[in-house]
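Features as listed in TrEMBL:
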type    : residues                       : note
BINDING : Asp31, Thr45, Asp76            : Mg(2+) 4 binding site
BINDING : Asp31, Asp76, Asp201           : Mg(2+) 3 binding site
BINDING : Thr46, Asp47, Asp124           : Mg(2+) 1 binding site
BINDING : Asp47, Asp76                   : Mg(2+) 2 binding site
BINDING : His54, Glu249, Tyr303          : substrate binding site
BINDING : Gly123, Asp124, Arg154, Thr203 : ATP binding site
BINDING : Asp204                         : Mg(2+) 5 binding site
DOMAIN  : 29-142                         : domain 'PurM-like N-terminal'
DOMAIN  : 174-290                        : domain 'PurM-like C-terminal'
Amino acid sequence: MSGQGEDKVTSWFAQQSRAREERFPIGIGDDMAQVNMGGGSVLVTTDMLLDGVHFDLASAGAEQVGYKAMAASLSDCAAMATRPVCAVVAVALPTGFGEDKLKELHAGIVRAGDMFDCTLIGGDITAWRDNAGRFVINVTMLSECVDCVEPVKRSGAKVGDAVCVTGELGGSIAGKHLTFVPRVEEAIEIARAADVHAMMDVTDGLVKDLSRICAASGVGAIIEAERVPMTHAAKEGNDPLEAALYDGEDFELLFTVSAEDYETLAGEQSIKAGITRVGLITDSGRIELQRGRDREVLDVKGYDHL
C-alpha cells in the first residue's frame, strides 16, 4: 500500500473491521479505541517510533527517546480527554545497544509515565542480529474515562464551531518534539468546562490534523492566519506561518466547541496551556486560510508515513 497515504490505508482497515459497536463504541480512526468490559470500559492506543524517523537516537540519547515514546501515547489519552492508567512497551534493539542504554531508556519511560501516574507494567525485548536494523520502540497504553467526561472523538465538529488549539505551534524539530508535556490535565479541564464536539492532538501538522477532524465530521474549516500561535522556534524560521501550519509533532490539543463555549474556556484560569481560537468550522468541505481580506484553499499536506 506504499504511496496510498496513511489516511487512505487507515480508512481501508476501518472498512474491513468486524468490531461490533456495542462492544467497541470507538474503533479505527480515532486516537484511541474504546472497549466495553463488564460494567465499564477501557481505551487503548499503540504507537511505534523508529530511529531515523521519529528521533535520532545518537543525538537524543536513550533516556529522552524513552520519554518521547511514552509521552506520545500519553498525548493520545489527552486527545480523547481520558486519564492514562498503564502501559506495556516493546523494543527492538540494534546490535551493541547495551545494558546501560536500556536502563536509560527505562528511566525516560518511567519519567514520562510518572507525570500522570501511568505505570509501566510489562513489555517485550527483542534484538536485531548482525547490524540488520535500527532501534524501534512501541508503546501500548490503556486509559479510563474520567467522571462526567465522555471520550471525545474526531467526528463531532459542527458548522459554526470555533476551532481552537492549546499552546503554540511549529518548529518542534528544534527540540519540543522530544521534551513536550502531554496535555492530559488540560484536556480533562477543557472537557469538563465545555461541550467539546471534536478533538485530537496535533502530530502531523495543524492543516493535516484539522482536515482529519473535518473529514470525520463532514465539514470544512477556515484558519485565520493572524490568530495562529507560533513558537519562538517557528518565528525564527524563514516562514513562521508555514511552520505552524505544517511542521507537526506539536502534541498540542486541536478541538472544536461552540462560540459560546469558547468564550467560557477563554476565561478559565485553570487551563495552564492557554487556548487560542484559530478558525471556524464551515460547510465547505475544504480547509481554507484567511489572510486579511484574502482567502485561499490550502493543500492538505503534512507528515505522512506512507
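Cβ from N, Cα, C; glycine included.
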Task: May I have the list of same-chain residues other than Thr46, Asp47, Asp124 whose Cβ is within 8 Å of the Cβ centroid of the recorded Mg(2+) 1 site, in sequence order?
output: Met48, Ser73, Val88, Val89, Ala90, Ile137, Asn138, Val139, Thr140
- prompt: Taking the Cβ of Gly123 (ATP binding site) as reference, which residues of that chain separated by at least 6 in sequence fall under 8 Å from it?
  reply: Val88, Val89, Ala90, Val91
Message: Going by DSSP, is Asp201 (Mg(2+) 3 binding site) sitting in a helix, a strand, or coil?
response: strand
Query: Cα distance, Glu249 (substrate binding site) to Asp204 (Mg(2+) 5 binding site), nearest Å?
result: 6
Field: Mg(2+) 4 site shell beyond Asp31, Thr45, Asp76, criterion: Cβ within 8 Å of Cβ centroid
entry: Asp30, Met32, Leu43, Asp47, Ser73, Ser75, Cys77, Ala79, Met80, Met141, Asp201
Cα within 10 Å of Asp201 (Mg(2+) 3 binding site) - qualifying binding-site residues among Asp31, Asp47, Asp76, Asp124, Glu249: Asp31, Asp76, Glu249
Query: Could you tell me the C-alpha distance between Thr203 (ATP binding site) and Thr45 (Mg(2+) 4 binding site) in angstrom, no decimals?
result: 15
Least buried by Cβ count (within 10 Å) of the binding-site residues Asp47, Asp76: Asp47
Rounded inter-Cα distance in Å - Asp31 (Mg(2+) 4 binding site), Glu249 (substrate binding site): 14
- line: Asp201 (Mg(2+) 3 binding site) has its Cβ surrounded, within 10 angstroms, by a count of other Cβ atoms equal to 27
